[in-house]
Ligand code: LLP
């Protein structure tokens, strides 16, 4: 979290103090550092080097238009999983020919739109989807570029909810059935087979599971070549982890060096779909302590951000650092930092050693990925504002929701007749 650092006794994002952001935009507010997103993306682009390919940022990690636009300006590709994400990419100036369309449940409408704008590839997750896409492409008198998402059955050794490459998961096509599905797709004049993809899970802190998956995919690539199905690209998905609390994920360049070695002489371009490793440490959730409440069992600090703003602690028991915006010298005690939502699971952090006062500002770090995008209106809470810092400039990239936003589209009903 290089771009978030203390200066003159207070926490800053790049050249802007978080205190100033809270005063100007209120709390809770997500604050993002442009420099972080750019550096992390360019890290991937540089590690790819001269090898042909695309870095397709996984939009689900953080889909704010401000973030997508800055990545589009750098020439990024995008990995999308819905029509909504596609429209966001287009609105942000992203190039559709650099988009890969993932996801197990693409609707015919979503397929039509993606064909119309010309996405680079559909990552197909089932035989039923092959049939549907073929039909949609035939109806539109066009040809759909496809890759088959293969489930390589490797253990990503991460949290079970974010592990996706095991046989028991709903994702992809079992690797031992893949040849059959490729052969079926090859019979269609409305499908153009261009690649193979996989995504084995998220927040991986070792390279080994990625390489196990890659080895299995390469066996398949060679097998297909013998059958006359020549692939153009290999898409290894996303999944590289970040440091939340002492993890030491491998550098991108080490990972890609191993990948390049294994691809060897094969003429395969490379696609990656990183989300978290670009976004997570580029964001902080700014929140204010509302009440301090001491019981016999626990000290609770009730803050104005909650599980509806950041679901990760409640859903995955995830740890994200929570730090004071302006630290004080008083003695620390252990606090459960909780939100106002009526759920026991509504916590941001437990047993955090802090010296807290009512009214004080806290920053929950490493929340640039899967933070705002997983937020909801539970308890009729308006979603947080989002602010992007660029050097000494701040951009409000999403205004705080209002009550009018909350009830937009809802209606009361007349009295019962
Ligand atoms: N590609 C595909 C097909 C994916 O399903 C995902 C993430 C990615 C790429 C990006 O993976 P990343 O580089 O961000 O690990 N909400 C969870 C994470 C869910 C990830 C889902 N798929 C969390 O907050 O930890």
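For all residues, glycine too, the Cβ spot is worked out from N, Cα and C.
Heads up, TrEMBL stuff is auto-annotated, nobody curated it.
Model, not experiment: these values are computed from the prediction.
Pulled from TrEMBL:
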DOMAIN    30-368  domain 'Orn/DAP/Arg decarboxylase 2 C-terminal'
DOMAIN    35-280  domain 'Orn/DAP/Arg decarboxylase 2 N-terminal'
MOD_RES   60  N6-(pyridoxal phosphate)lysine
BINDING   239, 273, 274, 275, 276, 370  pyridoxal 5'-phosphate binding site
BINDING   276, 312, 316, 343, 370  substrate binding site
ACT_SITE  342  active site, proton donor
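A straight line from the CA of the residue listed as 'active site, proton donor' to the CA of residue 312 (substrate binding site) spans 17 Å. In this entry, 239, 273, 274, 275, 276, 370 make up the residues listed for pyridoxal 5'-phosphate, with the farthest two CA atoms of the set 15 Å from each other. Listed recorded positions: 275, 342, 343. Those with a CB atom under 6 Å from ligand 1: 275.
It is 7 Å from the Cα atom of residue 60 (N6-(pyridoxal phosphate)lysine) to that of residue 370 (pyridoxal 5'-phosphate binding site). Around the Cβ of residue 276 (pyridoxal 5'-phosphate binding site), 27 further Cβ atoms fall within 10 Å across all displayed protein chains. When the C-alpha distances from residue 312 (substrate binding site) to the binding-site residues 273, 276, 370 are tabulated, the minimum falls on 370.
Around residue 239 (pyridoxal 5'-phosphate binding site), the same-chain residues six or more apart in sequence whose CB sits under 8 Å from its CB are 156, 199, 200, 201, 202, 203, 204, 210, 274, 276, listed in sequence order.
The two recorded residues, residue 275 (pyridoxal 5'-phosphate binding site) and residue 343 (substrate binding site), show a Cα separation of 29 Å. With 276, 312, 316, 343, 370 listed as the residues that bind substrate, the site has a largest C-alpha separation of 27 Å.
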